[in-house]
Amino acid sequence: MKLPALLTLGVAASTMVLAAIAPDQVPLNDAKKDELPEKFLIELAPGDTRWVTEDEKWELKREGLKFFDITAEVEQGFLPKVFPTPAVVNFPSELNRTAEVKQLASQLSKENMFNHLTNFTSFHTRYYKSTAGTQSATWLFEQVQQTVNNSLAVKYGAKVETFNHSWSQFSIIASIPGRTNKTVVVGAHQDSINMYLPTIMAAPGADDDGSGTVTILEALRVLLQSDAVAQGNATNTIEFHWYSAEEAGLLGSQAVFSKYKNENRDIKSMLQQDMTGYSQGTLDAGEQESVGVITDYVHSGLTEFIMKVVTGYCDIPFVLTKCGYACSDHASASRYGYPSAFVIESKFEHSSQRIHTMWDTVEYLDFDHMLQHAKMTLGLVYELAFAEL
């Protein structure tokens, strides 16, 4: 996600490094001084590519720039058409499952999200190349597995799998079979980063994107309380994704959707939940609490349906906002031709300024606001699960 506007945090961070380093934490990739640093090909806009080191990646992010890391695509000799026209999907013109969704939504728990996020942010960092990042992914996998195992769905083919990468932190995919292979996807990214010293400094990542991670986990838990969904009677298959290495250039989600494209997977929609917990920026601006519906680099039909979902199932309105190129994992779905959308906690300019620092902690989040994102996620998935797409 974006760079905190308060760059003075960087000065403060540099004076607090020793306090933020875990006792047994050592810098990663401690290469010899005479070795040239590894370089990566990034894309900052359609056709705008450059080779950079990993340190240069973080410098670009500190400047507020977002990008795809497309190194793997080049190495494989394949580059997708940038934002190809997605397959035509006829999203519903109205909400059709109001009674079921509202009954399920009453079971969503702020306490569950708080408890999960408190545990998830207790890892020193969730940096994708770190030991702690692998440990946090393992903890999250166990929570997702337990959520599925505690439902009827486990008896009807639901499963949770790791999606392994060339780096240590894996992505996680929970699948709930439907009557067809047409698939509805919800995603969040599980990794975190401290933009000042990524390999050693604390990166609790409560809002970015611990909030989205636990929001969709809670939506999954409640969704599986539906016997129709759990028993595989929904029209469409449902997947929940937790991506690794979003902060490094959408690496995890690109790997997932590249594989899906090669397998000719029929992905009908993808919603990203990245930063769902901060409302104070909106209130401080004197504006009404709302969720931010992203309008750039997204699928217009899916986005329009999401507006209906927010209006029908949330207690607060939506505002339209933009986040730029490659701003979160939905962009990877779009890159491979799949309809995608993104809903964030507020107007982009009012979102948290503490992200990518040691101060992105649970105490600054609003779990009532996260509950609205959980309602929206649940409503969208349930509606689309039973829709003829």
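Numbers here mean position along the shown chain, with the first residue as 1.
Keep in mind that glycine also has a Cβ here, set from the backbone N, Cα and C atoms.
Taken verbatim from Swiss-Prot:
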{"type": "SIGNAL", "residues": "1-19", "note": "signal peptide"}
{"type": "CARBOHYD", "residues": "ASN96", "note": "N-linked glycosylation site"}
{"type": "CARBOHYD", "residues": "ASN119", "note": "N-linked glycosylation site"}
{"type": "CARBOHYD", "residues": "ASN149", "note": "N-linked glycosylation site"}
{"type": "CARBOHYD", "residues": "ASN164", "note": "N-linked glycosylation site"}
{"type": "CARBOHYD", "residues": "ASN181", "note": "N-linked glycosylation site"}
{"type": "BINDING", "residues": "HIS189, ASP208, ASP274", "note": "Zn(2+) 1 binding site"}
{"type": "BINDING", "residues": "ASP208, GLU247, HIS356", "note": "Zn(2+) 2 binding site"}
{"type": "CARBOHYD", "residues": "ASN233", "note": "N-linked glycosylation site"}
{"type": "DISULFID", "residues": "CYS323-CYS327", "note": "disulfide bond"}
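For ASN164 (N-linked glycosylation site), the nearest neighbour among the recorded positions ASN149, ASN233, GLU247, HIS356, judged by Cα separation, is GLU247.
Of the listed binding-site residues, namely HIS189, HIS356, the sparsest CB environment within 10 A is found at HIS356.
Take the Cα of CYS323 (disulfide bond) and measure to each of the recorded positions ASN181, ASP274, HIS356: the nearest one is ASP274. Proximity to HIS189 (Zn(2+) 1 binding site), judged by a C-alpha distance within 10 Å, picks out GLU247 from the recorded positions ASN96, ASN149, ASN181, ASN233, GLU247, HIS356.
Rounded to the nearest whole angstrom, the C-alpha distance between ASN149 (N-linked glycosylation site) and GLU247 (Zn(2+) 2 binding site) is 30. Within the same chain, residues at least 6 positions away in sequence whose Cβ sits under 8 Å from that of ASN119 (N-linked glycosylation site) are TRP139. Comparing Cα positions, ASN96 (N-linked glycosylation site) lies closest to ASP274 out of the binding-site residues ASP208, GLU247, ASP274.
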